[in-house]
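According to TrEMBL, the features are:
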- B:1-20: signal peptide (SIGNAL)
- B:Cys141, B:Cys144, B:His145: heme c binding site (BINDING)
Number of protein chains: 2
Amino acid sequence: MKKSLGLLLCAALLSSASLAGPLEDQIRYRQSAYAFIGWNTARIKAQLDAAERYNKDQVSAAANAIAAAANAGLGSLYGPGTDQGTGWRPSRLKPEFFQQQAEAAQLAGAFNKEANELARIAAGDDLAAVKQQFARLSETCKNCHSRFRTRE
Amino acid sequence: MKKSLGLLLCAALLSSASLAGPLEDQIRYRQSAYAFIGWNTARIKAQLDAAERYNKDQVSAAANAIAAAANAGLGSLYGPGTDQGTGWRPSRLKPEFFQQQAEAAQLAGAFNKEANELARIAAGDDLAAVKQQFARLSETCKNCHSRFRTRE
């Protein structure tokens, strides 16, 4: 029993599809990734809301962090069963996520696309364009939350 | 009283030096950022340990995520008092961090340098170089942990 569990854990750790291992780790890493994204999103929003002290380097670094997280392969943290269980706190993923994989992939793809676009635009000097693109990115966050995340 | 607290919170939210706001948020964002880095580090390690199925794109994405996090300005999440308090869990930052700012900055700078170098090398095809650079990066993690993080 112990041996097969060990083998299972090894297989889970080595598989490129589920490198995050046990369910609780997947949930905790997922919550960490989105909290990290949330921190960077909040920093960009604060800068856009006080544009007179806009710091391009900070916004660009935050946008790069969001894009790198979006590109990191967060999908591997959505293994079967991760709608149940507790990472830092109980998972808020709706079970529908696993029945609606095409829609989930489409929402994830939209997030990636807009995150990469924001990183590109934030490296430039067009503040209005950054603002517009940040709104587009935020929309993709909201779309996925309202579809696949339980309300608190 | 309420008004001055509100102004204080607004000031904290708007200040570029402390955009993360209240202590607990700073600690939670910090723990999230390092858990996110830890996830990406574990993925690279798993790939290096099973080199026969090395996936350059995945390792490069993970290395980019670590570098973007390192470049994101994590220093702003180390406000005074964040050695106390609870984010996802109680802070493990040692109080010495605030007395040894030059050493902390040196350790953080080393982490940034090696993380950016790993992202650069991981985009290429020299697996031995990735392995060597990953070891260098891991060393900077350990150096900071042993100096400024309490043991569990």
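Glycine is treated like the rest: Cβ placed from N, Cα and C.
Annotated features taken from TrEMBL, shown on the structure.
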residue  : record              : Cβ contacts under 8 Å, 6 or more apart
B:Cys141 : heme c binding site : B:Thr41, B:Phe111
B:Cys144 : heme c binding site : B:Ala104, B:Leu107, B:Ala108, B:Phe111
B:His145 : heme c binding site : none
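Cβ proximity to the heme c site centre (mean Cβ of B:Cys141, B:Cys144, B:His145, cutoff 8 Å) flags the following additional same-chain residues: B:Leu107, B:Phe111, B:Thr140, B:Lys142, B:Asn143, B:Ser146, B:Arg147, B:Phe148, B:Arg149.
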